[in-house]
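Asker: Starting off with a structure, shown below.
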């Protein structure tokens with residue numbers, strides 16, 4: 001069975017990825033099982049950061065590695081927080097602190113346009129020197145709610161309003177969210193490619 005390292009320390013993200021990839025005949029192993037340390041995300045795009053993380057995990061383990069870099073972009077904030085989504089309120093900030101900073105920044109800006117999108121870029125590298133990593137990209141369009149709502153999900157989910165469902169991402173159950181989310185889209189692309197490539 002093919003083994004692929006999941007290059008993330010984020011337990012919530014890992015759980016989503018493993019759930020969405022469960023039907024593949026591939027063994028996905030969290031990098032924590034190899035004691036792979038985090039690497040600084042120095043890229044200026046989601047693609048660059050995903051590749052940095054995948055390359056690092058592949059180098060440390062000698063196995064193919066899959067990395068996800070995701071973030072929230074908000075039109076009124078010139079696409080912020082973007083690649084800094086997880087560090088928007090400081091390196092060790094909580095989800096609640098990041099959400100509060102976004103709401104305060106929007107209040108200070110012209111918040112008549114509250115459109116936003118979640119992006120997820122997945123990079124799969126066969127080895128650390130893979131010159132052509134597989135890249136999958138999902139985008140989830142929505143709006144920023146005026147206050148947090150819902151208990152599900154993680155990150156900015158409580159303020160990401162999904163007009164088609166008239167609820168925030170945190171008010172969707174996990175199955176609903178995975179069917180339409182940015183990560184769900186990117187992993188669906190990945191699943192299709194892996195199935196065709198490896199006949200898994």
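Cβ atoms here come from the backbone N, Cα and C positions, even for glycine.
Annotations per Swiss-Prot:
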| type | residues | note |
| --- | --- | --- |
| ACT_SITE | 69 | active site, proton acceptor |
| BINDING | 8, 9, 10, 11, 12, 13, 70, 154, 155, 156, 157, 177, 182, 183 | substrate binding site |
| BINDING | 40, 69 | Mg(2+) binding site |
Asker: Using Cβ-Cβ distances, find the residues under 8 Å from residue 10 (substrate binding site) that belong to the same chain and are at least 6 apart in sequence, listing them in sequence order.
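Answerer: Those within reach of residue 10 (substrate binding site), by Cβ under 8 Å and sequence separation of 6 or more, number none.
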Asker: Let me know the DSSP-derived helix, strand or coil state of residue 40 (Mg(2+) binding site), please.
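Answerer: In three-state terms, residue 40 (Mg(2+) binding site) counts as coil.
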Asker: Need one number for the substrate-binding residues 8, 9, 10, 11, 12, 13, 70, 154, 155, 156, 157, 177, 182, 183: the maximum pairwise CA distance in Å, whole number please.
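Answerer: With 8, 9, 10, 11, 12, 13, 70, 154, 155, 156, 157, 177, 182, 183 as the binding residues for substrate, the largest Cα distance is 21 Å.
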Asker: What is the separation, in Å, between the Cα atoms of residue 157 (substrate binding site) and the residue listed as 'active site, proton acceptor'?
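Answerer: Taking the Cα atoms only, residue 157 (substrate binding site) lies 16 Å from the residue listed as 'active site, proton acceptor'.
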Asker: If you measure residue 155 (substrate binding site) to residue 40 (Mg(2+) binding site) at Cα, how many Å is it?
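Answerer: Answer for this pair: 19 Å between alpha carbons.
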Asker: I need the most crowded of these binding-site residues: 8, 12, 70. Count other C-beta atoms within 10 angstroms of each C-beta and give me the top one.
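Answerer: Top count of Cβ atoms within 10 Å goes to 70.
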Asker: Would you mind listing, in sequence order, the residues at least six apart from residue 69 (active site, proton acceptor) in the same chain with a Cβ closer than 8 Å to its Cβ?
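Answerer: 41, 43, 46, 47, 49, 50, 53, 83, 120, 121, 123 - these are the non-local Cβ neighbours of residue 69 (active site, proton acceptor), listed in sequence order.
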